[in-house]
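Taken from TrEMBL as is:
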type	residues	note
COMPBIAS	227-236	compositional bias 'Basic and acidic residues'
DOMAIN	56-155	domain 'Ig-like'
REGION	216-236	region 'Disordered'
TRANSMEM	18-38	transmembrane segment
TRANSMEM	169-190	transmembrane segment
Amino acid sequence: MDTTIHTDLTLWYCTVRLVYVLSSCFLPFLCFSGAWSAQALEMSVGKIPFLQAVNGSTVTLPCTYASCIGIENLYFNWQFNDNGTMQKVCESVIPSEGVVPDVTIFRERVEFVGKNHHNNVSILLLNITFEDGGQYTCFGRNPKEHHKNHSAIFNLIVVDELREVDNTLTIIIASAVGGAIALLMGFMLLKNFTLFVLTKLEEKNKECLVTSSGIDNTENGLSGSKADSKPTPKKK
């Protein structure tokens, strides 16, 4: 093998090996420092952090956790903001992922339904009352990430009955937009049809002009006509 090629391959292998070693060494550090794209510990109550429910119904307060490097003895709790005073609803410690925690409940009509399936730590409120309405906080702390903690807030609104949404304005706007689109499409179709007709008429006029020109040339005895021509006299 050529010496130059062998040297290039050696340098390439050493570079790849160095990148691999460095990434293996610094990956945990990046995860801990938060520089990695995935956050460390994150508690989430979903994309819509509120719910309007009827008095006397049963509702679920959703919460899940996520961790860059996994969990170990993850502590979590639910708290209720009672006029500025935070009251514990429930709490527990999850030894590791997939383990169903033993949850301690501090309020009546509360049930832990997450079971830690898919990192789920949601709770269920049974037969809610107006006093149950307010702000709930889902809190977590992960010792494996140097006790990194995070929380998410969910708002519960308790009402007598759910009001019917008046869709009149929405229907009017949708009808107006639909009518405008239909009118525009009709205009475009009419425009295209008109252009098509005009193009055909123009082609027909050109054919008529060509035909008329050929007839005139024939009648005037021009070149290309059918008029008899005298034979060329022969030289003696």
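Each residue, glycine too, has its Cβ placed from N, Cα and C.
Remember, TrEMBL labels are computer predictions, not curated facts.
The domain 'Ig-like' (56-155): residue composition by secondary structure is 9 helix, 51 strand, 40 coil, according to DSSP. The average per-residue pLDDT of the prediction over the domain 'Ig-like' (56-155) is 96, rounded to a whole number.
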